[in-house]
Amino acid sequence: MAFRRRNKSYPFFSQEFLIQNHADIVFSLVIFILIGLMFEGEVTLYQYGWRDCATILFYFFIIIILHAVVQEYVLDKVNRRLHLSKSKNTKFNESGQLCVFHLVSSIWSLYIIITEGYLFHPSRLWESYPHAHLRFQVKVFYLTQLAYWLHTLPELYFQKMRKEEIPRQLQYIGLYLLHISAAYLLNLSRVGLVLLCLQYLSELGFHIARMFYFTDESHQKMFDLWAVSFVLTRMVTLTLMFLAVGFGLARAENQGLDWNLGNFNTLLIRMTVLIAVCLTQSWLLWKFIRFQLKRWREFRHEQAARKRATAKQTPRPLKRDSLGQHENGVIKAENGASPRSKKIKAP
């Protein structure tokens, strides 16, 4: 199975060879894993354990293949038509991949929220804690999320990300891995599921606006719509966390730490979770305000530049006198002809 047409072959196990053929290599590994799983039999897990690492590794390889398919058959074709610069092309590909992921994850998480009854009965988010036993669709959702964000780490190498962009990407990936892992391991999967759905919907709006902006820089209004949804998402996230963790779990009967039952409902853990979420939301708001201020300054500079350009192009008002009008230092008559100077006769 080949994802790309290759015009040049590179030495085996060289950097160019790995970058060019990483999707094919991963596909071959997935085939071997599938063959191995066929002989192990079907095992359904509803609690987390060490075997989840093997499942995450399997989904990790699958996502790399899907990443390459989206890049080859969708984004590359769009890029050929847009003729973007190298920097814009990289950002467009990043937003395109994240648009697909956020769209699928939003629909998937929303479906789970509706089928599990969390939408119309919010109290289920903290009732009957600990939620150590997960349904199959919830467990697969969390393992897929972890696999996706883990797969973005080697993609930084395969996509030849610029060094100055790597710290930003690592912060972005690290926050997702930290929060998803904490919700999964602390048995806060129900609250985490709703928060991920809200976050992915907000991020989906941003990357859609970003892609439209790269196609035509006059598309600025979609960023304004995203800005409203971003602020609302932060408010709902903080409200939901204080409602579920700060009040719901604080009033639960089973207070205390129990590793066997998966109960982590202690004051220290609740405060740690709340502080971590509040710090993350504050950091996101701070970056959002900086982004909006940068946009506002750029808009003001553009407006000032346009006014200066318009002022230069505006013709100066012309002064009239009894003979005609002055234009560029030349005296002209009313009919546009220059008056002839009279000759003075010598006496």
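Cβ atoms here come from the backbone N, Cα and C positions, even for glycine.
If you check TrEMBL, you get these features:
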- 90-299: domain 'TLC' (DOMAIN)
- 306-347: region 'Disordered' (REGION)
- 21-39: transmembrane segment (TRANSMEM)
- 54-75: transmembrane segment (TRANSMEM)
- 96-120: transmembrane segment (TRANSMEM)
- 193-213: transmembrane segment (TRANSMEM)
- 225-247: transmembrane segment (TRANSMEM)
- 267-286: transmembrane segment (TRANSMEM)
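The stretch in 54-75, 96-120, 225-247, 267-286 that contributes the largest number of Cβ pairs under 8 Å to the transmembrane segment (193-213) is 96-120.
Between the transmembrane segment (267-286) and the stretches 54-75, 96-120, 225-247, the greatest number of Cβ pairs separated by less than 8 Å involves 225-247. Listed as Cβ neighbours of the transmembrane segment (96-120) (distance under 8 Å, sequence separation of 6 or more from its ends, same chain) are residues 67, 70-71, 74-75, 78, 135, 137-138, 141, 145, 148, 190, 193-194, 196-197, 200-201, 203-204, 207-208, 211. Within the model, the domain 'TLC' (90-299) shows a mean pLDDT value of 90, rounded to a whole number.
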